[in-house]
Amino acid sequence: MITSVLRYVLALYFCMGIAHGAYFSQFSMRAPDHDPCHDHTGRPVRCVPEFINAAFGKPVIASDTCGTNRPDKYCTVKEGPDGIIREQCDTCDARNHFQSHPASLLTDLNSIGNMTCWVSTPSLSPQNVSLTLSLGKKFELTYVSMHFCSRLPDSMALYKSADFGKTWTPFQFYSSECRRIFGRDPDVSITKSNEQEAVCTASHIMGPGGNRVAFPFLENRPSAQNFENSPVLQDWVTATDIKVVFSRLSPDQAELYGLSNDVNSYGNETDDEVKQRYFYSMGELAVGGRCKCNGHASRCIFDKMGRYTCDCKHNTAGTECEMCKPFHYDRPWGRATANSANSCVACNCNQHAKRCRFDAELFRLSGNRSGGVCLNCRHNTAGRNCHLCKPGFVRDTSLPMTHRKACKSCGCHPVGSLGKSCNQSSGQCVCKPGVTGTTCNRCAKGYQQSRSTVTPCIKIPTKADFIGSSHSEEQDQCSKCRIVPKRLNQKKFCKRDHAVQMVVVSREMVDGWAKYKIVVESVFKRGTENMQRGETSLWISPQGVICKCPKLRVGRRYLLLGKNDSDHERDGLMVNPQTVLVEWEDDIMDKVLRFSKKDKLGQCPEITSHRY
């Protein structure tokens with residue numbers, strides 16, 4: 001099917017002549033009457049630029065041209081009306097417009113009756129003469145057609161580049177001796193495993209094409225019927241430049257002229273006379289194809305910088321519409337197909353961000369629905385879609401999420417709250433002990449305001465809190481408080497099960513016991529109870545309260561060394577005779593870290609049964 005269609009296109013092209021290519025080139029920039037990239041309902045659909053002769057008017061560079069250094073004489077043989085083959089000679093002079101044969105004539109406007117020809121310098125060994133055509137951007141090509149003004153070359157090769165001539169890939173080889181000239185077996189079968197392999201053939205000499213050689217890019221390629229889903233063939237037909245390299249004009253002179261078998265008929269001629277018949281001459285180099293836009297544009301235009309580029313639709317961008325335009329990264333870019341235009345979709349940032357990125361993992365987890373992640377959310381918003389309020393702000397439900405003031409400040413009291421954050425649903429700030437209110441702006445029932453910024457609200461004392469505190473006989477039972485030692489050493493650290501740095505937040509009396517609310521800030525030794533950072537309680541017995549052993553102050557930091565005590569029924573830590581409490585100072589950190597390191601390495605001093 002593909003082969004017959006290509007042959008039909010080639011036949012139609014040949015019948016109309018080069019003017020057909022000029023026609024499409026002339027109107028390829030004109031905007032269509034309707035947008036082919038959307039159907040009548042506005043739904044995006046695949047669209048492609050018009051089929052044109054991509055070579056028309058494009059520059060061609062020849063490695064060799066006759067008459068460049070000096071006038072050259074070249075001769076051809078033609079069959080006259082009487083059937084007699086006669087030799088006709090002309091002069092090529094690049095300085096004379098009427099006698100010059102530059103490579104630019106290959107892509108100009110030709111007609112069947114007025115064929116202008118490029119001619120190479122006549123030579124006894126005309127090898128490795130090349131023609132390089134630059135298309136200016138990527139095209140998806142259907143065929144390359146070459147119309148020769150003289151006898152067809154015996155051996156030549158077609159190459160393509162997809163990176164503006166930096167690298168070259170062979171397209172097709174032509175030769176009557178493929179193995180000798182190109183080191184390739186002739187007419188190799190193409191399978192799906194070698195669809196990008198260049199084939200060597202002698203069909204140009206043996207076929208009925210006369211002086212024209214045409215190479216259809218997809219002919220005999222197995223995946224041509226499924227081109228949309230074949231990245232291999234899509235790459236195969238993509239090119240920015242085409243190069244033709246002539247390797248051999250003819251195996252021998254007699255074959256060149258199609259004369260009698262008497263190869264010595266020109267034996268008396270000089271080398272200069274013989275070489276006048278050895279040259280390459282081509283009148284037309286045509287390349288049929290479409291501007292490559294990956295199904296996202298119906299035409300190509302010149303941009304403000306003068307570059308030939310696709311007029312991209314479907315929220316795509318790039319010279320070939322090969323990427324999504326900025327802020328349209330909610331889905332991955334894809335080539336448009338007959339079933340899906342694969343339009344790029346804008347990120348959903350609720351109008352709070354101007355930039356976003358694509359996250360493939362999020363896209364997969366969403367069931368291939370959304371993968372956009374908003375960047376630099378503004379207006380105090382946060383989240384991948386700027387759909388949340390950042391810490392310190394809460395949603396104003398009276399306004400839509402797209403409003404620039406959709407997130408308002410929590411307004412947490414700087415003294416009564418533990419931070420600036422609040423509950424995203426209720427707006428409730430996190431209050432310090434004894435503080436209440438949505439913004440933590442007042443003392444709770446049973447508490448009174450203090451002058452401390454650490455504990456702004458303290459519990460109002462009751463008579464029960466002071467029972468027994470004035471009994472002198474109990475005070476007489478108090479001895480020296482060993483819980484607060486004069487100095488801290490390695491042995492004390494090693495004998496205790498846990499070691500933490502804590503800050504005292506509040507104090508209250510419960511049945512004669514002093515209950516301190518503390519926050520463990522650092523853990524140097526966890527013990528079997530697996531001490532963790534965070535809020536907990538520290539209990540001091542009634543006797544310790546009376547004796548003020550230890551004497552703790554709200555807002556101060558301490559180093560607490562203790563033994564595991566799971567017998568008591570109170571939650572938190574218990575101060576007992578084995579507890580060591582040292583008020584935290586700046587120079588204590590290094591000492592504690594040193595003790596902790598030795599303890600972990602088993603370098604503790606020998607421990608006796610003495611209590612300390």
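Glycine residues also receive a Cβ, built from the backbone N, Cα and C atoms like all the rest.
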Exercise for review: Tell me, from Cys377, Cys386, Cys389, Cys604, which cysteine Swiss-Prot puts in a disulphide with Cys494.
Suggested key: Cys604
Practice item. Can you sort out which of Cys412, Cys422, Cys429, Cys457 is the disulfide partner Swiss-Prot gives for Cys443? Key: Cys457
Check your understanding: Looking at Swiss-Prot, which one of Cys300, Cys310 makes a disulfide with Cys293?
Key -> Cys310
Revision key, fill the gap. Disulfide partner of Cys386 per Swiss-Prot, picked from Cys377, Cys389, is Cys377
Review point. Looking at the recorded positions Asn114, Cys377, Cys494, which ones sit with their CA no more than 10 Å from the CA of Cys347 (disulfide bond)?
Key: none
Exercise for review: Do me a favour and check the Cα-Cα span between Asn114 (N-linked glycosylation site) and Cys547 (disulfide bond); whole Å is fine.
Suggested key: 121
Review point. Which of the glycosylation sites Asn128, Asn368, Asn564 has its Cα closest in space to the Cα of Cys312 (disulfide bond)?
Key: Asn368
**Study point:** Listed in sequence order, residues with CB under 8 A of Cys431 (disulfide bond) and six or more positions away
**Key:** Gly416, Ser417, Leu418, Gly437, Cys440
Review point. What does DSSP give as the helix, strand and coil breakdown of the domain 'NTR' (478-604)?
Key: 25 helix, 45 strand, 57 coil
Practice item. Starting from the Cα of Cys412 (disulfide bond), work out which of the recorded positions (Asn128, Cys321, Cys356, Cys422, Cys478) are within 10 Å. Key: Cys422
Study note, to complete from the structure: For Cys349 (disulfide bond), the closest of the disulfide-bonded residues by C-alpha position, picking from Cys117, Cys356, Cys494, Cys547, Cys604, is Cys356
